[in-house]
Each structure stands twice: as structure tokens, then as C-alpha cells.
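**Q** I have a structure I would like to understand better, so I am pasting it below and will then ask my questions one at a time.
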Amino acid sequence: YFFSLFLVTIFLYKWLAKKTPSKNLPPSPPRLPIIGNLHQIGPDLHISLRDLARKYGPLMQLQLGRIPVLVVSSAEATREVLKTHDVVFSQRPITSAIDKLCYKGRDVAFSRYSEYWRQVRSTCVTQLLSNSRVHSFHNIREEEVALLIQNIENSASEVINLGEQLIQLTRNVVCRVSVGSEYLSGHKGKLYQKLLAEVTEMLAYTYSIGDFIPLLGWVDWLSGSKAKVEKTAKEVDAFLEGALRDHIKTMASNKGSANDDFLSILLEIREADAGSTLDEECIKAIVWDMILGGTETTSTTLEWIVAAIIKNPDVMFKLQKEVREIGKGKSKIEEVDLVKMNYLKAVMKESMRLYITAFLLPREAKQDVKLMGYDISSGTQVLINTWETARDPSLWDNPEEFRPERFLNSPIDYKGLHYEYLPFGGGRRGCPGIQFAMAVNELAVANVVYKFDFKMPDGERFEDLDMSGVPGISLYRK
């Protein structure tokens, strides 16, 4: 009986194999049972992927535990993913930590590609992050940049950690435009800063073994990481629930009018449209998205930009010359001055090329697709190594050199249409907050170089400044 069953099984296997055409998969390094290629990924993820791609090609398939991952490492392949097959790769993969800490994907960044996502993203683009809305926050930006300059002046004769000052700047700006200035200080301010720091660290460095190898999911419980994530998620929700209730009370006492922060704007939209998708859970998810994305990536980008300027004295001299000529006789640089600063814009672009913070763009195939001749299965996660394409010597002249002049009179911009340069991503999932981030960064950098000259601590040289990166949510400066 068992022998007959064995023969039938072999026959069915061979018959089905003939019926199912073999797939043409992208090149892949050898893998081990269960863990796949996890053992080939080092702590510097972007460098590990670059080294593997140089051996196996710009489209490379890895198996990270149970997860098939397509690594994209060229501008041509990136264009295929983000333009030719943009809809197919319009999903974002969600880890167990993201699921807990970002409202189960009800936010903009991680929501599944659907009508809900389209409506929520449209609300963010047209109501929260439009050019007119970003401009309306100019007083907040100028006040917080003035506070930054004052804090640096108070410590000008001492060695200061400029990175911490820049983080404080972006945290204050984003807090004020998201939930209001009352969350900058006191108990609310401390709680806001604590939760922001905890969640940023968890999303960057909390890896669930169960995401990759479900059979080992018990390790996450044993280590306490799962319980810690769940505890923090509840604290975040309680904080946002409190902010939401405070805003509703303010609107009621002011007869429908509230502050012009993101939370108030979303509540007003819901009030005006009974059929809106903006229920309270959705509103909290969007506001938390704005806080996380606006603070973390903006501050990281700003720190890289300032470090790049300090490391390159010739660039600093040229930039100071431009900024100080345009701002001559003024006590500070204002936003109206920035449009005249072409070299400043080139410096910003070059910094975000060589030290790109969005170093890997995550996507997920929502259906089977043929990509550059290869068969990609539904559910395959995609990592676009923008760090590698921004340093590709076939696309950039002397790519390791920090040379802002390459962007003077260049058509390349931030909008995601040049696939060798994607500091804010591209396609349907491109970052909607480009104008918001650049408004903060340009004003801060212009005022810092306008007001101050920099020197390294005793015994150190500008060229010795460490510009290596540490992977997390973004690529952090070490």
C-alpha cells in the first residue's frame, strides 16, 4: 500500500512539474536551510547588499528566513520598479514592530495600497503638506531656527554637540506643527520626547526573529522585546488620545476653531465631512506618521548636511560667501532670501546624494510580475539600494568626492524622477513631505553658516571627521 502511494506521489510530482513552467529567477547567492541568506548580511546592511550585488548583479534575489527579497542596485532596475511596474510594487512590507507601533498600517507610510491609502495620502498632500500649508508654518520655522542660533551662541566658546542641537530644532518644529506648542515642555513635553526616542530606536534596531523564522517566534517573547514594543505602543496611543481629546475640547470652547496644527486640521476635516475616512484611529495614525517621519529623517538629513559642510572647508567658504553677501546687513537669514541661494541648494543636493538617509526603499510585490526578464512572485519584498545608485561611477563623475558644483545648472531634483538620485524615494510611495523637510533644512543651514565659523576640537582636523553611516530607520551618521 505504502509503496503504491509512494509511486503515485512521484507520478503526481513529475506531472505537476511539467504543467508548471520553471521560473526564471534573478541570480542568488547560495543559501542555507531555514535561515537562507541571513548569514551573509552584516551590520552595515547597505554595504553587505552592495558587495553581494557586485557579484550577482543589479537584480539579486535573497532568502531572509521565510522572506524572499529582491535587491535592486541600479538606476535602470529602479526605474523598472518605480515607474514601469509602480502599481505592482506599491505595497510596503510591515514588520511586527511596525504593525504595533504604527496603528496596524492605518498610517500613510505603511498602509496597504488601497482606496483607503489613496484617500489618506491625498489628505496629507493637499491639506497638511501642500506648498501653501508649508508656507503658513514659516513663523514657526524662523522662531525655532532663531532659538537654535541663540543656543549655539550661548555655547560658542565651548565644544558643542551640534547634532543634538539640530535634533532639538526639528523635534520642536515638528511638535508645534503636529500637535501644538503645549507639548514642547512640562510633563507633556517630556513624555513626547521619551516616546519619540523609544519608538525611533525600536523601529531602527528591534528585529523580530519571528518575522524571518516563525518557528523561532518564541525567542521574541523570551527576550522581552515583544512585550516592550506592545507596552510602548499602548503609551503612544494614550499620548495621542490625550492630545486628540484636548484638541476636541479646544475646538468646542472656540466654537469649531482650533490651532492650525495637523491634529486640528484633521479634526476640522472630519467635522466638515461626516462620510470622511478620518475616524479617530486614522487621525492618530496620520499625526504619529507626521511626527515620526518629520522628526527622524529631517534631523538625520540635517546632521549629515552640516557635517559635510564642516568636513569640506572649501565648500564652507563658498557657501558662507554666498549666504553672507545675500544677507549682508541683516541680523538673520529669512525664508525669502533662500530662493537666491543657488550654491546652498547645490550643497544640499550633494549632501543628500553622498550621505543619503533613505538608503533603502522598501516595497512589496502585490502580484506576480516579469521584471527585466525575471519572474518575481507576489509577496516578494523589494529593497532598492539608493545608497549604491547614488555612488555609481557609471552615473556620477568621481562619485566619492563631495562636489556641490555637479548640481549647478543640473536638471536633477528631489522629486523622484531621476532614478540615480532618490533622497525622498519615488513612485506612488515617494515621500510627500519634501517641501516641509527642505524648508526646515535650508533655513537652518543658511543661518548656521551665516552666523558661525567652525573649527575642530584641539588635535583634530576637518578631514578626519568620521562620515561613516550606521543603518537604522535611516542611515545615521556614526
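From the backbone N, Cα and C atoms, a Cβ is placed for every residue, glycine too.
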**Q** Among 217-221, 302-306, 357-361, find the range that Swiss-Prot records as region 'Substrate specificity'.
**A** 357-361
**Q** How big is the Cα-to-Cα gap, in Å, between CYS431 (heme binding site) and ALA109 (site 'Substrate specificity')?
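**A** Distance (Cα to Cα, whole Å): 9 Å.
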**Q** Can you give me the Cα-Cα distance between ALA109 (site 'Substrate specificity') and GLY293 (site 'Substrate specificity') in Å, rounded to a whole number?
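**A** Cα-Cα, rounded: 9 Å.
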**Q** Helix, strand, coil: count each for the residues of the region 'Substrate specificity' (357-361), based on DSSP.
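**A** Residue counts for the region 'Substrate specificity' (357-361) by secondary structure: 0 helix, 2 strand, 3 coil.
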**Q** Specify the secondary structure state of THR297 (site 'Substrate specificity') as given by DSSP, simplified to three classes.
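**A** DSSP assigns THR297 (site 'Substrate specificity') to helix.
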